[in-house]
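Following: one structure in structure tokens, then a few remarks.
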Amino acid sequence: LQKKKNLGLPYAVLHSGYSGLLLIVLAAALCCYTGKILIACLYEENEDGQLIRVRDTYEDIANACCKKLSPNLGGIVVNVTQVVELIMTCILYKKKKRNLLSHSFPYVPVTEKTWSVIAFVTLLPCIFIRTLKIVSKLSQLCSLVHFVIILVVITYCLTQMHQWSWAKFRLSLEFEDFLISVGVIKKKKTSQIFLPTLEGNMKKKKKIRCMLNWTHFFACILKTTFALTAFLTWGEKTKEKKKKNLPSFLETLVNLCLKKKKILSYPLPFFAATEIEKKKNSKGNHSSYRSPLVALAVRGSFLLLTLLMAMFTPHFALLMGLSGSVTGAAMTFLLPSVFHLKLKWKKLSFLEKCADISVFILGFLCSLAGIVCSIKGLFEVFG
């Protein structure tokens, strides 16, 4: 759940100082809260006051909220938002895989598009993944590799404690720098997409709240420690890509781990996106989709689509920031709070209603800030 990239967090602290550390803590708390209220939307009380799971997916929650307007309107909006977010994530992983290959073999006379094709070939086995169990195993390996990367960086930083200076932290803060930090930190939080499926596959569903509390707590501690130690080590020299701050031998090790991580990161959003398409078609008269060959062709087409977009989309980072500011904020902050208010309004206390409204407002402001920064960047790029 908490395997999202955080190598850019020291860069966020560079721009925001102490407020960056507070943002990391606040983001973890808000995501933990929205995860809980999203799970709560899956349940309703029966006549005996017992909670019964009456919905299975994010789509079901959206349809329940919008059923007076249209039975399927909410599900369509959520599915489109999810697919856009997942596709952009897949493209991002593929581009980073290509860049890692390119930087690892700088003397090989190969173009970036060729590296993209090579990265595409390494990801071809993803089209044969048919169960969530395989994806979960790959995600566990991804988390392990990610932990190794963070451990290597933190260990190196601890060996440089004699150079640390708390004077490097800024108390003053410029608004534009603050927005940069918000964007970097917000990009790490998109796990709500997978929560309904995760909770549905848990043997002890009542422990989901405990799991969310502990995973977000430990992730927050790890990220805060990483961001703090890395910034104290490099200060103003902190780069957005943390591996570029490391000595050459550690950079090689981190690069090797990152290559493995990019391969292991791809199956989760890829599988989730193709499953959404599969479920949508299985509800209609598309019985041919149940054929293994047709399903394989659809997954292959999706993989090819992400390759083409990774190769030919200009200024992808800015487009990713723009789409993420809309889809990421919607899935993580806006929709869970709106759905919770809609479905549970009569049973919520005054403080719970205030909490949901506050989360919505904060999410909206973060989304608006990200959109403004991305559009500004696009205007600068296109002159």
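Placed from the backbone N, Cα and C atoms, the Cβ positions cover glycine too.
The domain 'Amino acid transporter transmembrane' annotation in TrEMBL covers 7-375.
Beyond the transmembrane segment (114-132), the same-chain residues lying 6 or more positions past its ends with a Cβ under 8 Å from any Cβ of the stretch are 94-95, 97-99, 101-102, 197, 201, 263, 266-267, 270-271, 295-296, 299-300, 303-304, 307, 310-311. Taken from TrEMBL, the feature transmembrane segment applies to 114-132 (among others).
Residues or ranges marked as transmembrane segment in TrEMBL: 144-164 (among others).
Per TrEMBL, transmembrane segment is recorded for 214-234 (among others).
The transmembrane segment annotation in TrEMBL covers 293-312 (among others).
TrEMBL lists 318-339 (among others) with the feature transmembrane segment. For the transmembrane segment (318-339), the residues of the chain that approach it from at least six positions outside its boundaries are 30-31, 34-35, 37-38, 41, 58, 61-62, 65, 78, 81-82, 84-85, 88, 91-92, 183, 186-187, 189-193, 356-357, 359-360, 362-364, 366-371, 373-375, 377-378, 381, judged by C-beta separation under 8 angstroms.
Residues annotated as transmembrane segment in TrEMBL: 359-379 (among others).
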Long-range neighbours of the transmembrane segment (293-312), counting only residues six or more past its ends (CB under 8 A): 87, 90-91, 94-95, 98, 113, 116-117, 120, 123-124, 126-128, 130, 270, 273-274, 277-278
